[in-house]
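K.L.:
Just lifted these from Swiss-Prot, have a look:
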type	residues	note
REGION	1-20	region 'Disordered'
REGION	1-92	region 'Sufficient for homooligomerization'
TOPO_DOM	1-66	topological domain 'Cytoplasmic'
TRANSMEM	67-87	transmembrane segment
TRANSMEM	89-109	transmembrane segment
TOPO_DOM	110-187	topological domain 'Cytoplasmic'
INTRAMEM	188-208	intramembrane segment
TOPO_DOM	209-404	topological domain 'Cytoplasmic'
REGION	234-286	region 'Disordered'
REGION	271-354	region 'Necessary for interaction with KIF5A'
COMPBIAS	276-286	compositional bias 'Acidic residues'
REGION	286-292	region 'Necessary for interaction with VAPA'
ZN_FING	337-403	zinc finger
BINDING	C343, C346, C367, C370	Zn(2+) 1 binding site
BINDING	C359, C362, C395, C398	Zn(2+) 2 binding site
Amino acid sequence: MQTSEREGCGPEVSPSTVPEATLESLPVPTKLPAFDLFNLVLSYKRLEVYLEPLKDAGDGVRYLLRWQTPLCSLLTCLGLNVLFLTLNEGAWYSVGALMISVPALLGYLQEGCQARLSESELMRRKYHSVRQEDLQRVRLSRPEAVAEVKSFLIQLEALLSRLCGTCEAAYRVLHWENPAVSSQFYGALLGTVCMLYLLPLCWVLALLNSTLFLGNVEFFRVVSEYRASLQRRMNPKQEESAFESPPPSDAGGKGALVDCTPAPTPTEDLTPGSVEEAEEAEPDEEFKDAIEEDDEGAPCPAEDELVLQDNGFLSKNEVLRSKVSRLTERLRKRYPTNNYGSCTGCSATFSVLKKRRNCSNCGNIFCSRCCSFKVPRSSMGATAPEAQRETVFVCASCNQTLSK
């Protein structure tokens, strides 16, 4: 220590000799190996080849857990539960020894008993070993190498994004950012510890296996599909009758009469042109008024029943046709056709945004702004019980007349 301090601070050293000493004491920089991104990509692909058996095993496990073949998944779940519950300690040691010895024996037989094949034969068969050798001796052009590097970087970025998302979720649970999730996590950990302490290991493994197979969404989807198919097989007649059954008729003679009404012919269409183009918000209000007034002015239903009893089925059809024709005529008188396509009050042209609306009292065509007054149907002479509650649209002049 003292000699070094003297060498650094002593006045004997001349200034001319200092740079030479520092140059001699500097270490010679070693040449760092160049980073080859293409070799990194090749190493990644070789790693994929080596891990391909594990990837296939993971795909098989996911195939069973997703119940894509329900019978295989069910047999696997039941078989594993039976093994977990019935095997004793000696049997488990035997299973472990078997799982170690079988891969070792297969690898020895594949390597020792296989005949040495030529290069052309290996290229023809395209085994995994050939793929590894191809990756070691691969020669690619510059565009192909750039494409491989880009693909590798994309996969690496996706992997790092998933890892970052997992770490962020773990930190959110540990920092209690969401108390519900954190409480569920720690509750599950405490429950697992208690279960490991109270239950035997075989029961713990059986419960874990049952949770993996029966606690996912795919299992409930398969169960719902099978339940629906069983219901269709057991009750085919009820479904057919449900599709073919007519809608329920109203109580009283009027409902039965309306149900028996035949479909009107094109000459007896009940929807005039002005009613077809009315606003879709309340398409049936105007028809209810006309039908109710027609029912009030129609002859007594008892007289119609007497005529039907006297004249038979043909007279019944004639009565129905006459009733439909009277209703059609009343609708045509009530809703005159306006061929000009403009509002009677403000002369605004109807369009997609400017809807037309019929006044329920005078029958003229207005826009939705001019025909925006609502009055109860009872003010127009309707006597039905629901007429006190239901309202219809009328124009301003009709609103003043009906409000007096």
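Every residue, even glycine, has its Cβ placed from backbone N, Cα and C.
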K.L.:
Can you figure out which of C359, C362, C395, C398 (the binding-site residues) comes closest in space to C370 (Zn(2+) 1 binding site), comparing Cα atoms?
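P.N.:
Nearest by Cα distance to C370 (Zn(2+) 1 binding site): C395.
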K.L.:
What counts of helix, strand and coil residues does DSSP assign across the zinc finger (337-403)?
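P.N.:
So the zinc finger (337-403) is made up of 16 helix, 16 strand, 35 coil.
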K.L.:
Would you count the other C-beta atoms found within 10 angstroms of the C-beta of C367 (Zn(2+) 1 binding site) for me?
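P.N.:
Step by step: centre on the Cβ of C367 (Zn(2+) 1 binding site), count other Cβ atoms within 10 Å, giving 21.
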K.L.:
Just to verify: the residue among C346, C359, C370, C395, C398 with the fewest other Cβ atoms within 10 Å, which of the binding-site residues is it?
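P.N.:
Result for the binding-site residues C346, C359, C370, C395, C398: minimum number of other Cβ atoms within 10 Å at C346.
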K.L.:
Roughly how many angstrom lie between the C-alpha atoms of C359 (Zn(2+) 2 binding site) and C367 (Zn(2+) 1 binding site)?
P.N.:
10
K.L.:
C-alpha of C343 (Zn(2+) 1 binding site) to C-alpha of C395 (Zn(2+) 2 binding site): distance in Å?
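P.N.:
If we compare the Cα positions of C343 (Zn(2+) 1 binding site) and C395 (Zn(2+) 2 binding site), the gap is 11 Å.
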K.L.:
Going by a 10 angstroms cut-off between Cβ atoms, which of the binding-site residues C343, C362 has the sparsest surroundings?
P.N.:
C362
K.L.:
Hey, how far is C362 (Zn(2+) 2 binding site) from C346 (Zn(2+) 1 binding site), Cα to Cα, in Å?
P.N.:
16
K.L.:
Note the Cβ centroid of C343, C346, C367, C370, the recorded Zn(2+) 1 site, then list each other residue of that chain whose Cβ lies within 8 Å of it, in sequence.
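P.N.:
My list of surrounding residues reads T344, G345, S347, A348, F366, S368, R369, C371.
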K.L.:
For C398 (Zn(2+) 2 binding site) and C346 (Zn(2+) 1 binding site), determine the Cα separation and express it in whole Å.
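P.N.:
Their Cα atoms are separated by 16 Å.
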K.L.:
Using the CB centroid of C359, C362, C395, C398 as the Zn(2+) 2 site centre, which other residues of the same chain sit with their CB within 8 A?
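P.N.:
Surrounding the site, in chain order, are S360, N361, G363, N364, F366, C371, V394, A396, S397, N399.
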K.L.:
About how far apart, in whole Å, are the alpha carbons (Cα) of C346 (Zn(2+) 1 binding site) and C395 (Zn(2+) 2 binding site)?
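P.N.:
It is 12 Å, counting Cα to Cα.
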K.L.:
Limited to the topological domain 'Cytoplasmic' (209-404), I'd like the whole-number average of pLDDT.
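P.N.:
Averaged over the topological domain 'Cytoplasmic' (209-404), per-residue pLDDT gives 65.
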